[in-house]
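Here is what Swiss-Prot says about this protein:
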type: ACT_SITE; residues: Asp112; note: active site
type: ACT_SITE; residues: Asp298; note: active site
type: COMPBIAS; residues: 433-444; note: compositional bias 'Acidic residues'
type: DISULFID; residues: Cys125-Cys132; note: disulfide bond
type: DISULFID; residues: Cys289-Cys293; note: disulfide bond
type: DISULFID; residues: Cys332-Cys369; note: disulfide bond
type: DOMAIN; residues: 94-410; note: domain 'Peptidase A1'
type: CARBOHYD; residues: Asn106; note: N-linked glycosylation site
type: CARBOHYD; residues: Asn433; note: N-linked glycosylation site
type: REGION; residues: 413-444; note: region 'Disordered'
type: SIGNAL; residues: 1-17; note: signal peptide
Amino acid sequence: MNRCILLLLGALLLVQGLHVHKRQQKLRTVSLKKQPTLRETLLQAGSFETFAKHRHGYKKYLKTNGNHHFDKYQALNVEGEIDELLRNYMDAQYFGTISIGTPAQNFTVIFDTGSSNLWIPSKKCPFYDIACMLHHRYDSKSSSTYKEDGRKMAIQYGTGSMKGFISKDSVCVAGVCAEDQPFAEATSEPGITFVAAKFDGILGMAYPEIAVLGVQPVFNTLFEQKKVPSNLFSFWLNRNPDSEIGGEITFGGIDSRRYVEPITYVPVTRKGYWQFKMDKVVGSGVLGCSNGCQAIADTGTSLIAGPKAQIEAIQNFIGAEPLIKGEYMISCDKVPTLPPVSFVIGGQEFSLKGEDYVLKVSQGGKTICLSGFMGIDLPERVGELWILGDVFIGRYYSVFDFDQNRVGFAQAKTADGRPVDPAPRPFRSVFDNESEESMEQDDE
């Protein structure tokens, strides 16, 4: 009897100890800074033509080459080149700091849920690579924890290839370090995007399945090495332009201070991007995705992108006027009265107000308002695909869960803890309302 009691007490103490250990492994957060996008930088310099030509060339590239990436991720080839066809970074604006090596070398990166590799400029890039020379560069000779790998790799963007090679070192983020983490030292960076970029490199947070050379992403290494408590991370972006706080990423959990329950979860439909089924896009009626479609939650762009014809329907609905090469402008005076555009996900309606989907930028000392919706024509075989960037994620707290292969969205809070209205609500179509009214009339 006494032996049984002792065994029971021992088991209870063991369980209690496990709980204490779990509590001691705290959540890790990365503070994000919000910077002007390259779009805004070019516009402020009066270079709209340069910006538009660059964006037009990117979309033309998508139309021509958009099928490569979607053929069962065939881009994981011998040469280690992958087509990051949805990557642009012209509109990226949320950046955070990581360190690599011992002693630490600091870099500003985009935490990008639309790609899976970490790359930063290399000290070994040639002097004529302007993009590389204008940013912080990793020096392997200065790090005592550096390990050589040497595999060559390239990532094809709309403006050319980022080329480099794989190295290993300690990569630290949010106060924890991924030891012997493979990453790419970039020796060639393409186009104006990376020359004028406010960031040094990219830290991909999508699934390992789309990583160049099968390199394990940083977050997955952190979880594997037991540096974070749970196999998920979450994004809170602050859309207030007057706030110094750009946002936060929580590694290994969810920050209850940043959102209002409940979280609406939808399953990942394909392990690669954070891809899920979206029910439809609605305004006064259905504007797009009428029969359901695939969508991607993407922190690497600030825009919302979709099939060109459906995006044009949205532009017409909100009263946007064509500007140049696919760009649309809205009168800034009309922003407060613009109609909401809603995205139905998991049966819930997530609405964006005019102030959410309009981007205000300065050009020649004047403020102009641009639509945050962009049309992209992908090959027919790819199917209907939408990209929900920071215009959406900035409005809704977003959870990326590897363990349960799901994405979650919830009503976000402001930096001072106030809920950002409106809250998500169950979707009820016009047909539902008409049906109810018809039933009421029949009862009478």
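Here, residue 1 is simply the first one shown, and the rest follow in order.
Here the Cβ of each residue, glycine as well, is placed from N, Cα and C on the backbone.
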Long-range Cβ environment of Cys125 (disulfide bond), under 8 Å and at least 6 residues apart:
Cys132, Met133, Arg137, Ala186, Thr187, Ser188, Glu189
Report, as a single number, how many Cβ atoms besides its own are within 10 Å of the Cβ of Cys293 (disulfide bond).
19
For the disulfide-bonded residues Cys132, Cys289, Cys332, which one has the sparsest Cβ surroundings, going by other Cβ atoms within 10 Å?
Cys332
Between C-alpha atoms, which of these recorded positions comes nearest to Asp298 (active site): Asn106, Asp112, Cys289, Cys332, Cys369?
Asp112
Non-local Cβ contacts of Asn106 (N-linked glycosylation site) (under 8 Å, 6 or more apart, same chain)?
Thr97, Ile98, Ser99, His136
Where the distance is taken from Cα to Cα, which of the recorded positions Asp112, Cys332, Cys369 turns out closest to Cys293 (disulfide bond)?
Asp112
Tell me the Cα distance separating Cys369 (disulfide bond) from Asp112 (active site), rounded to the nearest angstrom.
26
Overall pLDDT of the domain 'Peptidase A1' (94-410), taken as the mean:
93
What three-state class does DSSP give Cys289 (disulfide bond)?
coil
For Cys125 (disulfide bond): DSSP state (helix, strand, coil):
coil
Where Cys332 (disulfide bond) and Cys289 (disulfide bond) are concerned, what is their Cα separation in Å, rounded?
28
Let me check the 10 A CB neighbour count of Asp298 (active site). How many other CB atoms are there?
27
Just jot down the residues in the same chain as Cys369 (disulfide bond), at least 6 apart in sequence, with C-beta under 8 A of its C-beta; none if empty.
Met329, Ile330, Ser331, Cys332, Val335, Val358, Leu359, Lys360
Taking DSSP as the reference, which of helix, strand or coil describes Asp298 (active site)?
coil
